[in-house]
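The next block holds one structure in the form of structure tokens; read it before the comments.
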Amino acid sequence: MIGHEKKTTDRTERAVDEASRTGREMPGKDDGAGTSKMALKLGDLAPSFVAETTQGEIDFHKYIDGSWAILFSHPNDFTPVCTTELGAVGKFMPEFEKRGVKVLALSCNDVESHKAWIKDIESFTPEAQVSYPIISDPKRDLAVQFGMLDPDEQDAAGIPLTARAVYVFGPDKKLKLSILYPATTGRNFHEVLRVIDSLQLTANHSVATPVNWNAGDKCMVVPGLSNEAAAAKFPKGFETIEVPSGKQYIRLTPQPNI
Ligand code: BEZ
């Protein structure tokens with residue numbers, strides 16, 4: 001249940017003002033068919049919302065509180081794929097904590113249902129503890145607002161199920177990554193951690209990561225950095241790969257934070 005109707009109205013009014021001022025559509029504007037016209041875009045500020053969770057009421061902006069944060073959604077409690085995913089995230093909690101990432105899940109049922117489901121999740125993945133909050137979104141208000149619906153998977157009433165969205169927000173509360181999987185495909189949380197490593201390297205060290213990069217592999221100097229700036233920034237040095245064009249744009253450097 002989303003609470004604080006007055007606060008929500010104020011925020012909505014501010015978002016409308018912002019939308020008309022900047023010429024951008026409001027994220028999550030409903031198209032009337034129950035699916036959102038507008039998904040969050042990279043660089044968008046996280047929507048501000050207050051929601052009931054398995055760990056009490058959470059104000060999302062306060063929850064982020066200068067940290068990295070991941071919000072990921074699920075179609076429904078007591079469904080098989082979701083059960084495996086929430087267990088995997090429970091197991092990976094030390095990895096998220098190591099990276100300073102706050103974790104928040106969402107599923108379209110009430111808190112009582114979530115709490116009963118957690119027992120199944122922890123029984124299915126005994127090494128996991130669901131120590132992170134799960135948002136209750138039984139009316140799919142947030143799912144619609146975020147544009148995380150899967151029109152191909154519908155409930156008995158023909159309403160689209162919530163897709164498997166992954167949003168990573170930076171400490172500035174801006175969207176750094178979004179991935180949207182259909183309800184029927186379970187996510188790979190190794191990949192989610194890999195992407196968070198890449199995002200944090202870019203944010204802190206001005207490097208990009210090449211195809212199939214994994215932690216410890218060489219990184220790439222971002223194109224915006226001159227050779228002089230790169231030499232000053234990367235004490236371990238960098239190598240420039242020769243290519244037929246003669247352009248010096250492929251520059252490799254050891255991962256800077258190890
Ligand atoms: C699942 O979590 O198993 C699931 C949910 C919705 C559609 C298909 C699968």
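Each position is counted from 1, following the chain as shown.
Note: Cβ is positioned from N, Cα and C throughout, glycine not excepted.
TrEMBL lists 1-35 with the feature region 'Disordered'.
The compositional bias 'Basic and acidic residues' feature in TrEMBL is assigned to 1-32.
Mean pLDDT, taken over the domain 'Thioredoxin' (40-201), works out to 96 on the 0 to 100 scale. Sequence annotations record features per position, and here TrEMBL assigns domain 'Thioredoxin' to 40-201.
Neighbour list (CYS82 (active site, cysteine sulfenic acid (-SOH) intermediate), Cβ cut-off 8 Å, at least 6 residues apart, same chain): HIS74, PRO75, ASN76, SER107. CYS82 (active site, cysteine sulfenic acid (-SOH) intermediate) carries a helical DSSP state (H, G or I). The active site, cysteine sulfenic acid (-SOH) intermediate annotation in TrEMBL covers CYS82.
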